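Read the structure below first, then the notes.
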């Protein structure tokens, strides 16, 4: 028999509300609607299927405050992560939302009605407090960046009534709800289940540690990877799932099953580990593997970890009695070539030879085509990863040129386009500032917000082209650091390559050589909000290359960029 759900009752709202489906669907058509974002869809799916039990909706202010402050809901149940529905004031005003209102929650992908929410309250969160209490307060933390830059200013709390499941078109048979997974465990006769959370491909070491955990507890293994929102730059879930499927036959027959979790991760370290344990308990697991730096976002710009390596393990251990799921501490294993086996590092005698391959080295081997030994990963897994990891020489990239108007960006961009076309091997796209303004952003002005929007449109196009293998040369002014960083994230989040080139031609030179007289007009006040005159240009702090047309020729600058790309492996060296 599987583990009881968190809070004692599985809140399967889809099953609960199924008898009222037609009635709710009809009502939903008459109500104002909130179109959910991708992260909100992930959250709603796990609310409706019971993955977030005991939640029955998005948190009201009382629950939200308690979770932030005390790691538990207002009713006393342990819960570590705020699950909130953020909306703008414009949405609230347009739909005249208030406490007691009912509102339809709609899927942005297909416009389907998913649920009706009855509003308990509408409140403005203290984002700084949430950031500090939940994630630690470091402004470089991706969850805090998301909170400050993307999350809207108001939260709406209230219970939901489920109408429709989210439509998925990939790996449908592996997307078990908690109720379905519990039935599956019962059918298999499993009573002890070790759940393994991952957002990365699995290799021999992962197989070894999960088998060891199961063997020590006379249990079976649930491989439960996240296929919702993970960390930008992660390998896409399509590739990962194919790799998990290839790995599964390497387990003893009947030991392991694969199920997919459509979770939007926050990379919240200790808080997230508790949350993950609750989710796995709701899916019927009795044990949960918590690794070193579990759900941590990596390092900040200073090279420092956001959390201690064992903070997550300590957090889950602190609440193990309330959680009702046994914590299995992730043991780092290493390969012993002399005996052809994996062992936990703390069990390896001094002087015994060991071998390891870091994540960075693995990515480099995939990128360059270097061999990956069978002691590290299985050939069938490596084959799948290689199919999805094109060599650098065939990958796309974005060269993002930023600088004052008339700094030479456009001349460099055009010359670079010709050079890359001559090089061959990939299509080349040019996104000049004036062209994009005319074709994509003609309705935008030059306020800070409009400039940011314009740069994000450029980044979206650049990201799509880059992921398709093209060379993209973008040359907006892009005066703000925030906008440039967001552009970088937009290109790299799907695995794209991004290079920031600061065309640092001095303002005086740009003005002196301005044959169109635009700077003169700005100085006379005929043009407002002009970068370098009455609007600032924020010097990039993270440029890959800094060039200056007042001291260099366009030809030499293009050569510098080509050399940078060659050094990074973007041209075939065969």
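Indices start at 1 and increase along the chain as displayed.
Positions of Cβ are set from backbone N, Cα and C atoms, glycine also.
On a predicted model such as this, the values are computed, not experimentally measured, just so you know.
Lifted from Swiss-Prot, the feature list:
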ACT_SITE  198  active site
ACT_SITE  199  active site
ACT_SITE  200  active site
BINDING   197, 199, 295  sulfate binding site
BINDING   197, 198, 199, 200, 291, 292, 293, 294, 333  ATP binding site
BINDING   434, 435, 436, 437, 451, 477, 478, 516  3'-phosphoadenylyl sulfate binding site
REGION    1-169  region 'N-terminal'
REGION    170-394  region 'Catalytic'
REGION    395-574  region 'Allosteric regulation domain'
SITE      203  site 'Transition state stabilizer'
SITE      206  site 'Transition state stabilizer'
SITE      330  site 'Induces change in substrate recognition on ATP binding'
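Feature map: annotations from Swiss-Prot on the structure.
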{"residue": "197", "record": "sulfate binding site", "Cβ contacts under 8 Å, 6 or more apart": "224, 225, 226, 261, 276, 280, 288, 289, 294, 295"}
{"residue": "199", "record": "active site", "Cβ contacts under 8 Å, 6 or more apart": "225, 226, 230, 231, 234, 240, 265"}
{"residue": "200", "record": "active site", "Cβ contacts under 8 Å, 6 or more apart": "234, 235, 240, 359"}
{"residue": "206", "record": "site 'Transition state stabilizer'", "Cβ contacts under 8 Å, 6 or more apart": "196, 198"}
{"residue": "291", "record": "ATP binding site", "Cβ contacts under 8 Å, 6 or more apart": "312, 330"}
{"residue": "436", "record": "3'-phosphoadenylyl sulfate binding site", "Cβ contacts under 8 Å, 6 or more apart": "454, 457, 458, 476"}
{"residue": "437", "record": "3'-phosphoadenylyl sulfate binding site", "Cβ contacts under 8 Å, 6 or more apart": "444, 454"}
{"residue": "516", "record": "3'-phosphoadenylyl sulfate binding site", "Cβ contacts under 8 Å, 6 or more apart": "none"}
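Contacts of residue 333 (ATP binding site) defined by a Cβ separation under 8 A and a same-chain sequence distance of 6+ are given as 205, 208, 209, 212, 342, 343, 344, 345, in order along the sequence. Its Cβ placed at the centre, residue 293 (ATP binding site) has 19 other Cβ atoms within 10 Å. Taking the Cβ of residue 435 (3'-phosphoadenylyl sulfate binding site) as centre and 10 Å as the limit, one finds 12 other Cβ atoms among all the protein chains shown. Under DSSP, residue 437 (3'-phosphoadenylyl sulfate binding site) is assigned to a helix (H, G or I) in the three-state scheme. Take the mean position of the Cβ atoms of 197, 199, 295, the recorded sulfate site; other residues of that chain with a Cβ within 8 Å of it are 198, 226, 230, 265, 272, 276, 294. Remark: residue 451 (3'-phosphoadenylyl sulfate binding site) has 444, 477, 478, 479, 480, 483 as non-local neighbours, by Cβ distance under 8 Å and separation of at least 6 in sequence. A straight line from the CA of residue 293 (ATP binding site) to the CA of residue 434 (3'-phosphoadenylyl sulfate binding site) spans 46 Å.
DSSP assigns residue 333 (ATP binding site) to a strand.
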